[in-house]
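Just passing along the structure, written as structure tokens.
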Amino acid sequence: MFITFEGIDGSGKTTQSRLLTEYLSGVYGVDNVILTREPGGTFFNESVRNLLFSTKNLDKLSELLFFIAMRREHFMKVIKPALTQQKIVICDRFIDSTIAYQGYGHGIDCKLIEELNDLVVDIYPNITFVLDSDINQSVARSNKNGYEFLDLEFYARVRDGFRDIVKRNQYRCYLITNVDATKNINEISAIYLKTIKILHAL
């Protein structure tokens, strides 16, 4: 099973992906559940991630191509081998973040991004949880964690992008609305577990 968490920076998806990993590891064993993230997930990718996030004014198409190349490396080295071994993979960000951020946020053609994604991966998530949180709360939380601040209009476009992605992919995407990531951690986790149990009889 392949589960992804999506949302704007500071939405709480990293916390929720970790909590779900801990729960499923208790059920299926730590060796059968993999928690990973994008951009990153391999030693090489983590090094490139640090370089990208410390580089200012990088051309947006160049940035996209870096992300796509990193996704291929991550998919072939981590995600696909784990799924082939029947493990549960939980990923903090995947293809939808690229569409929301680079497409809706930065204005790159979403069709181009989708075609590039199709070029580098051939397995897609079974379940994607999209955390839809208040932009001001999320940005404040993101800044506290040391992430680069982008203007509120940018995050509004990204948020709209995630909502559109959910509408177009209702077979796998679930929008978790009105998220206050600082207060409802256990309540939100229960929603994920209930959804997964219903869909896959875990």
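Here the Cβ of each residue, glycine as well, is placed from N, Cα and C on the backbone.
Reproduced below are the annotations present in Swiss-Prot:
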BINDING   Gly7, Ile8, Asp9, Gly10, Ser11, Gly12, Lys13, Thr14  ATP binding site
Where does Thr14 (ATP binding site) sit in DSSP terms: helix, strand, or coil?
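Where Thr14 (ATP binding site) sits, the three-state DSSP reduction gives helix.
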Out of Gly7, Gly12, which of these binding-site residues shows the lowest number of other CB atoms within 10 Å of its CB?
Gly12
Specify the secondary structure state of Ile8 (ATP binding site) as given by DSSP, simplified to three classes.
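Where Ile8 (ATP binding site) sits, the three-state DSSP reduction gives coil.
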Mind giving me a neighbour count for Thr14 (ATP binding site)? Other Cβ atoms within 10 Å of its Cβ, every protein chain shown.
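If we count other Cβ atoms within 10 Å of Thr14 (ATP binding site), we arrive at 18.
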Could you tell me which of these binding-site residues, Ile8, Asp9, Gly10, Lys13, has the fewest other Cβ atoms within 10 Å of its Cβ?
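Taking Ile8, Asp9, Gly10, Lys13 as the binding-site residues, the minimal 10 Å Cβ count falls on Asp9.
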Give the number of CB atoms, excluding that of Ser11 (ATP binding site) itself, located within 10 Å of its CB.
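Cβ-Cβ neighbours of Ser11 (ATP binding site) within 10 Å number 26.
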